[in-house]
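Here the structure is laid out as structure tokens; the discussion comes afterwards.
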Ligand code: CP
């Protein structure tokens, strides 16, 4: 694999999940693969989980790992082709990406959307420029429209914790105070639509995701109906796709509570984190027995390691 930017880059998701679970039980078995190989993790936005889990994953495979918070520690990047760089930007992404490709055997890139210009965000302009100019395999550490390492960890978590075949999985919108990207729900939907699960998305009217990501999912505006019998509930806020990046008032009653959880099949509650307590998810859920958010975050290591292993095997 030379690119991991979405579920479409994966030949067999079941095998990838199985490999992540094998790595969880034998993390250091493939250290030879990364010997004398460098992984560069390039962040244009903040991160806790993605940064540390991918760093651990690379180290487990024997790689040297370097992290660059390019937005703070690098030169101010110019992203537009043809720009006359007589303003505040100092280095063009063409040179920056190409130089990173000289230093690293694999790079990971995190680049969030601006949520102002849908066409620009959904063209993955920044992420794709890194792919185009770096000349080495690239892993998405979350791009404008997708977060595939998170989604893979989510599927690993569901596979590990499910108590029946074809579990009922619900992605439910949650309240927030500011517009958030659609990357996590887009990506989760895309992976769930390919997995062997019974998948539903519930959200208030106006928060429809791009159908490119939800094809095959059941979609409802009735959260109570969707909660009935659910085995896994994935809680996440996102802003509107149309009008792009907007949030509408109200809907605070979409926050998941223990009372709502009673309608489910004792569902396990998931969230990619970071989470705003008592806004997106209640204390009682996060601190209660149904929350698997920490377990899920732990699985980020094995998801990243499975992907890096595939890339290293091709570099051999
Ligand atoms: N879930 C996730 O990607 O967390 P970070 O933003 O902290 O990396």
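Count begins at 1; order follows the chain as displayed.
Quick reminder: no glycine exception, Cβ is built from N, Cα and C everywhere.
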* **Residue among 22, 300 sharing the carbamoyl phosphate site, where TrEMBL lists 47, 48, 49, 50, 75, 110, 147, 148, 149, 150, 272, 273 as binders** => 300
* Which one of 51, 94, 276, 277 goes with 142, 176, 236 at the N(2)-succinyl-L-ornithine site, as TrEMBL has it? -> 276
* What is the nearest of the binding-site residues 142, 176, 236, 276 to residue 47 (carbamoyl phosphate binding site), using the Cα of each? -> 142
* To do: Check the Cα-Cα distances from residue 176 (N(2)-succinyl-L-ornithine binding site) to the binding-site residues 149, 272, 300 and tell me which is shortest.
  => 272
* Asked: What is the interatomic distance between the Cα atoms of residue 300 (carbamoyl phosphate binding site) and residue 142 (N(2)-succinyl-L-ornithine binding site), given in whole Å?
  -> 13
* **Integer average pLDDT (0 to 100) for the domain 'Aspartate/ornithine carbamoyltransferase carbamoyl-P binding' (6-160)** => 98
